[in-house]
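Heads up: the structure comes next, in structure tokens.
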Amino acid sequence: MSILKVHAREIFDSRGNPTVEVDLFTAKGLFRAAVPSGASTGIYEALELRDNDKTRYMGKGVSKAVEHINKTIAPALVSKKLNVVEQEKIDKLMIEMDGTENKSKFGANAILGVSLAVCKAGAVEKGVPLYRHIADLAGNAEVILPVPAFNVINGGSHAGNKLAMQEFMILPVGAENFREAMRIGAEVYHNLKNVIKEKYGKDATNVGDEGGFAPNILENKEALELLKNAIGKAGYSDKVVIGMDVAASEFYRSGKYDLDFKSPDDPSRYITPDELANLYKSFIRDYPVVSIEDPFDQDDWEAWQKFTASAGIQVVGDDLTVTNPKRIAKAVSEKSCNCLLLKVNQIGSVTESLQACKLAQSNGWGVMVSHRSGETEDTFIADLVVGLCTGQIKTVAPCRSERLAKYNQILRIEEELGSKAKFAGRSFRNPLAK
């Protein structure tokens, strides 16, 4: 079924910034997709086109991206009469029309908005759920429900506290199914709220951009201690493990790292990559830490490689790999990490996201599907994570409805699959292993 009409508009994300929404019409109806955006962005990401008109939305408007869709992409897709099930063909056409390495002509936010809407339309055209259509596009015969990684303590660029490391997460790997994982996550979250309130006062339980708490602590170890405490109080010490997203590029200073980067600059307190690696190893020794994302700067390749070889845990590349097949290939050959963080808006199309995922999986890596800090009510990544069988999803604390929208969609998928539902559980790093 061909595309009859495409119309884009500016809407708002969860931080009150404009973002792109696309309506795509076929004879089967209307298909709508909205594009997320990130706060800590890697320098190798596809370009998110903003207007930079300071008189409007502090320069963050996306009217140019919207115009590229309405005036250029839409007429091309309608006139070519492409079938919406031909995801790769449509994505390729948009990428070729853009003609730049990083999608800077139309903007990755323009191309992705259309790409997501096409994918939703393709599923209905085939008469299958979106997760099944995505599984077909990826060549997966089965689908798997992921372990949720709840980011419950926020620091770094996401929070106004002193904490350098950006995210402290809980993963309920011992749950029987996704619904139980959600219950465990919610109960630990509420216990954590009480633990923080008792120790730091009620105002320490205000939530950040991503629904997590941002108590004013400086020591990263203190965040782990709070988590351990809350997990124990909830009664789930045997079922919940911990993950971290350090986002170390944010505090990388000329070859070293500044764990107090939100205070006035003082080079005497910077630490070396080796000292930082030893700090991580002490966390792994003293707490159930099983996954660390972006432990070093996006260009500190040597530190990544040394750490991945010796840490014995999941090491996730986000700023390092930015969902970009070229960066992933380099990281694979250098053994820099062993898990890809998959963000559809870092690369800017469904087809390239699937390629990045398959490239990582075929090299024995894990893959974690992720939201962005500026989210919308769009639930595409819920179906994506199930269809791609990655076994793990990061869309933050069980708080704020733009986050819960994703979790609730996975609950519905689990219910729909019934007895066929498979939950990744403790195999979250490689759920397809036989």
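Note: Cβ is positioned from N, Cα and C throughout, glycine not excepted.
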Subject >> Segment assigned the feature region 'Required for interaction with PLG' in Swiss-Prot (from 45-74, 255-284, 345-374, 405-434) >> reply: 405-434
**OP:** Given that Swiss-Prot annotates GLU293, ASP318 as Mg(2+) 2-binding, name the residue from ASP238, ASP245, ASP286, ASP300 that shares the site.
**Re:** ASP245
Original post:
For the substrate site given as HIS158, GLU167, GLU293, ASP318, SER370, HIS371, ARG372, SER373, LYS394, which other residues of the same chain have their Cβ within 8 Å of the site's Cβ centre?
Top reply: GLY38, ASN151, GLN166, GLU210, ASP245, LEU341, LYS343, VAL396
**OP:** May I ask for the distance between LYS89 (N6-succinyllysine) and SER2 (N-acetylserine), taken between their Cα atoms and rounded to an integer number of Å?
**Re:** 13
Subject >> Largest CA-to-CA spread of substrate binders HIS158, GLU167, GLU293, ASP318, SER370, HIS371, ARG372, SER373, LYS394, angstrom >> reply: 16
**OP:** Might you list, by sequence position, any residue in that chain lying six or more from SER370 (substrate binding site) with a Cβ less than 8 Å away from its Cβ?
**Re:** ASP318, LEU341, LEU342, LYS343, ILE381, ILE393, LYS394, THR395
Original post:
Other residues with Cβ within 8 Å of the Cβ centroid of ASP245, GLU293, ASP318 at the Mg(2+) 2 site?
Top reply: GLN166, GLU167, MET244, VAL246, ALA247, ILE292, ASP294, VAL316, GLY317, ASP319, LEU341, SER370
